[in-house]
Amino acid sequence: MSKTAILEIDGNKYEFPVIVGSENEVAIDIEKLRAATGAITLDPGYKNSGSCQSEITFLDGEEGILRYRGYAIEDLAEKANFLEVSYLVIFGELPTAAQLAQFEKDIHKYTLVNEEMKNIIDGFPKTAHPMGVLSSLTSALTAFNPKVVNVENEKEMYEAVCKTMGKFLVLATWTYRKSSGFPLNYYDNTKGYVENFMRLMFELPTGPYKINPVVVNALDKLFILHADHEQNCSTSTVRMVGSSHAGLFASISAGVSALWGPLHGGANQAVLEMLEEIQKDGGDADKFLAKAKDKNDPFRLMGFGHRVYKNFDPRAKIIKKAADEVLAELGVNDPILNIAKKLEESALQDEYFKSRNLYPNVDFYSGIIYRALGIPTDMFTVLFAIGRLPGWIAQWKEMRVNKEPIGRPRQVYVGAPLRPFKPMNER
Ligand code: SDX
């Protein structure tokens, strides 16, 4: 691979360095492009532009590969637990048993949320979407933890990580408890992280809550599969906001808002709503495939397609297998799962989807498992956020520790040229 790229503009040749990553990804370093040529690049949606060099996650969209810190997602989903993977994603190495136990113990220091946060959540109507409430509550954490994190100080950074992991989970479940009119629960430091999620969501003062290990295992695996995904929309948002040196809570709050969109993390809710619509409409998957292919119809096949994966999303394969296992273990026979499989089968054979390399993504099957676990549909994207939290933290930390510059893209102006001011009576 040549070490430089040559660009010719108006007969002038310019040379730019070529960077090759540890998995042989090739990038042209254009840091000096505008100074040297006066030109900028234009790349809507950044489909061809790298924003950073990162050691956290490697994706190969053509081969359908996903690795966190070099470990294959298939191994991590099968052999590790969510806190173990969170530690790996954030600190770069799989923890020893002692490090993992200490990490969980240090998270426990921060699982009690300031009681005054309840005044904020009480200000929301019950009908508020949980993602909007979660974004607001996460940002409000800054009000109760105003101290700016010195990212150069490892101890301060570690504490901020543990505080975020501890409080975000509680706040995420409070969004559901609020909309259901149930009292807000407290984290129980004698129980596991994912067990606590189920307790915080569903335990009622009227009696003990029975933890189902099948449900906890399935959720633990789902959280692992969502933990990071390199520079996706919400992670890029967290990096962008953090690049102005805004705090970790404010940056994550922005990431929650970006994830909410139905083209991104909101797709898992949109998939379930789409499958229920197909079911209500008589279960004719082909009719909806035709709508998805019709350029005049804004309908898209939710849970299909991906900016990077032009092959099967490896997470979708794992979740599809888990969906069969979890529903069987729970004795759930959900016709929606059969509609999803029929839709997938038809789409994978359809020229429109094949020619555009459109495959099921992480959101296509996750909602079916969440529904079988008793999670309400409008909480699906909140679960995506809980899984993605370690990735957001890791990427924010890497960006700050590497002292990356404030994000500030350029543009090509195509508006009106200079013109004289027009007095009101001449408009
Ligand atoms: C996530 O980036 C990440 O890593 C995200 C994520 C993560 O872990 O963070 O993986 C999580 O967000 C997964 C994606 C969830 N979103 C959905 O399932 C929504 C449905 N998918 C699409 O909206 C779309 O596929 C995107 C947004 C995911 C990707 O869009 P791109 O890369 O911008 O692709 P595109 O819009 O340029 O589409 C290329 C072609 C177009 O047709 P032509 O103009 O070439 O004729 O494919 C078509 C699109 O119309 N197309 C679809 C389609 N997705 C793309 N047609 C019908 N149904 C779809 N789902």
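Positions of Cβ are set from backbone N, Cα and C atoms, glycine also.
Remember, predicted model here, so these are calculated numbers, not experimental data.
What TrEMBL records for HIS306 (among others) is active site. Look at HIS306 (active site): DSSP puts it in coil. Of all the Cβ atoms in the protein chains shown, 23 others lie within 10 Å of the Cβ of HIS306 (active site).
The active site annotation in TrEMBL covers ASP363 (among others). If you draw a 10 Å sphere around the CB of ASP363 (active site), it holds 29 other CB atoms from the protein chains shown. DSSP assigns ASP363 (active site) to a helix.
Residue pair ASP363 (active site) / HIS306 (active site) shows a Cα separation of 10 Å.
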